[in-house]
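A.B. asks: One structure coming up, written as structure tokens, with questions to follow.
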């Protein structure tokens, strides 16, 4: 019943107006699934390769679609093994990770459709716990998402005390609105960056003050704890020639960067710090984790790129204590699950994440619930972000 009989591929727009790949998968019993690939702005050096959409579609039609016809959509590993075999490389550089992940997600949805089950139930299996992920909401952004704003790429609201998914989602939206109010009171104009966060032309130090004040205001209104966190995207700050982290006119050595981040964790009680150091510096990650990992999440995104080999190296060296999970970094849901399983076995928290160039696809909301992830990072406002947040609210309402 779940045998794949047809796959359609097309170009659609992502949230930045760039073309991306969308896949439809049809089974012999009429099961249908659709998936669309996101795209990152600050991409890790070791991510799976995204090809131009037209090229990726042409290669997938030629090499992957014939292999997939007749494969059981309900056997996710078989689907993803067929994609790997069709590509023949370690990084999907032949057909493109954008086509691979779109097909992988669409096949999972088609299988769930045949079963008449929500995607999170189909994916969950033994993983599914009783908890729901806490949304991390991007409220101030800079870096690769908004070049004229802060050096730090993301300031994230973290409603850790919210009694429900719904209240957490609305708390993040309230912090986003409160940031606008604080900026207005200070006479600071602000456009929005790639992910819908405010992108004011202010220093990092001023941004900390603004976000801290906004969080305090909303926390007082809602009556539960809200902390905040950072995505520093430090690989984008690190200059190989200078062997230093460059913040405009200021540079920091690796030791100074570690001290800087540790001080921020203490001063602002940060709940989460993503990519605080360069993606190749496992030793520095380990040193920072040893210093502050007992009171905050030190998360590897560019460090790990949802890759089990890189995660294992982090586990062996004590680098970070959590991993950002992005299916398109590795190319298939099966590879994504392998990274999540390895993290869980070794006590690493998992954070399921969107990309800066997104679509209305809601797979990651289901993936976060299915795998009992502690957090989901999928923005705060904007249709491609609220699609996932609203789906998370619906899932929680359905599952409770």
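Numbering starts at 1 and runs along the chain as it is shown here.
Glycine residues also receive a Cβ, built from the backbone N, Cα and C atoms like all the rest.
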A.B. asks: Which of 221, 231, 239, 338 does Swiss-Prot put in the same Mg(2+) site as 274, 301?
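C.D. replies: Record check against Swiss-Prot: Mg(2+) site with 274, 301, extra candidate from 221, 231, 239, 338 is 231.
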A.B. asks: Kindly point out which candidate in 192, 326 is recorded by Swiss-Prot as part of the (2R)-2-phosphoglycerate site with 153, 355, 356, 377.
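C.D. replies: Answer per Swiss-Prot: 326.
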A.B. asks: Listed binding-site residues are 301, 356, 377; which of them have CA atoms within 10 A of the CA of residue 195 (active site, proton donor)?
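C.D. replies: If one measures from the Cα of residue 195 (active site, proton donor), the binding-site residues that come within 10 Å are 356.
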A.B. asks: Quick one: pull the CA-CA distance for residue 355 ((2R)-2-phosphoglycerate binding site) versus residue 274 (Mg(2+) binding site), whole Å only.
C.D. replies: 14
A.B. asks: Show, in sequence order, which residues other than 231, 274, 301 on the same chain lie with their Cβ within 8 Å of the centre of the Cβ atoms of the Mg(2+) site.
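C.D. replies: Close Cβ neighbours, site residues excluded: 153, 154, 230, 232, 233, 273, 275, 299, 302, 324, 353, 377.
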A.B. asks: Using a Cβ-Cβ cut-off under 8 angstroms and a sequence gap of six or more, which residues of the chain neighbour residue 231 (Mg(2+) binding site)?
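C.D. replies: Correct list: 138, 152, 153, 154, 156, 274, 275, 301.
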A.B. asks: Between residue 356 ((2R)-2-phosphoglycerate binding site) and residue 326 (active site, proton acceptor), how many Å separate their Cα atoms?
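C.D. replies: Checking the Cα atoms of residue 356 ((2R)-2-phosphoglycerate binding site) and residue 326 (active site, proton acceptor) gives a distance of 11 Å.
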